[in-house]
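So the structure is just underneath, and the comments pick up after that.
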Amino acid sequence: MKLMICTSNKKKFEEISSILESLKKDENLDLEFVKPPKEIEVEEYANTFLSNAYLKAKAYYNAFGIPALADDSGLVVEAFSDNLERPGVYSARFYKDSFGSHVLKEEDFKLSKDELNNLKVLRLLEKEENRKAKFVSVVAIVLSNNYGIFGEGELKGHIAKEPFGNFGFGYDPIFIPEGYNTTLANIENKDKISHRRQALEAVFFMLKKML
């Protein structure tokens, strides 16, 4: 069976396909992981990770008729979150969010999106004692018009004082997982503990029962 991995983020595609290949090998399943024939624009307007993952997977399934896997994931910082988890579903574009926008200066916008997001989190936490945070990932697989399966993963930790490490992407350089004294971006085998792996393992467990 072909399974389409729906993301335009090259690093995310590599991480997801690598995890899935290792799971497939362990179970000796007949699965082929493919990129979509072309990228399509999907408006992720929902306010939960689950809904956004489903929206993307369903849109790609409808476009190409191939079983589709999509992930929506993000960082949740306890000190920023009251009734709304932040950055949460807005993690990829947190630097644009009006929440805390005063901490970014005009000259900062020469940085990459990932660097801007990390910088904003660090500046907002400069005088904050509570640095607890967690990564959340929800994976959706749409197998037909009427059937989908879901898996969720969570990795708890806290925010570092400064970025460190060259592995990973996104908020990995500023996130220290529980039980570690370095950032996720400095852990070479981070895929073995990541929130995304947990979500993929959960959904893979359900998928293998159907094959």
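Every residue, even glycine, has its Cβ placed from backbone N, Cα and C.
According to Swiss-Prot, the residue from S73, S81, S98, S101 that belongs to the substrate site alongside T7, S8, N9, K10, K11, K12, F169, G170, Y171, D172, K190, H195, R196 is S73. Its Cβ placed at the centre, K11 (substrate binding site) has 13 other Cβ atoms within 10 Å. The binding-site residues shown are T7, K11, D172, H195; of these, the one with its CA atom nearest the CA of E43 (Mg(2+) binding site) is T7. Sorting the binding-site residues T7, N9, S73 by the number of other Cβ atoms within 10 Å puts S73 first.
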